[in-house]
């Protein structure tokens, strides 16, 4: 019987922290912008500015927290960068 060795999550704290903090914030801003343009009422809906402002914090903290679950800092940076590129391109497209 063969044993499969599972790799553990690497403790790249600095890289994962920077990826989650910087790219997580940029991703949260982009997703909030997409919701502002595409969400109910469009960009000019009443009180939507306030809601979008408060939407950024939970999104950012979610991305920041989940960045530690990536196998390595390199993967965290790659996937968060790819998500940022897609989100910002989508925001540019919906504007």
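Please read every residue number as a count from 1 along the shown chain.
Cβ coordinates are placed from backbone N, Cα and C, and glycine is handled just like the others.
The shown structure was predicted, so the numbers you read here are calculated from the model rather than taken from an experiment.
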| query | Which is it, of 2-20, 21-39, that TrEMBL names as transmembrane segment? | reply | 21-39
| Tertiary contacts of the transmembrane segment (21-39) (same chain, 6+ residues out, Cβ under 8 Å) | 45, 48-49, 52-53, 55-57, 59-60, 62-64, 67, 77, 80-81, 83-84, 87-88, 90-91, 94-95
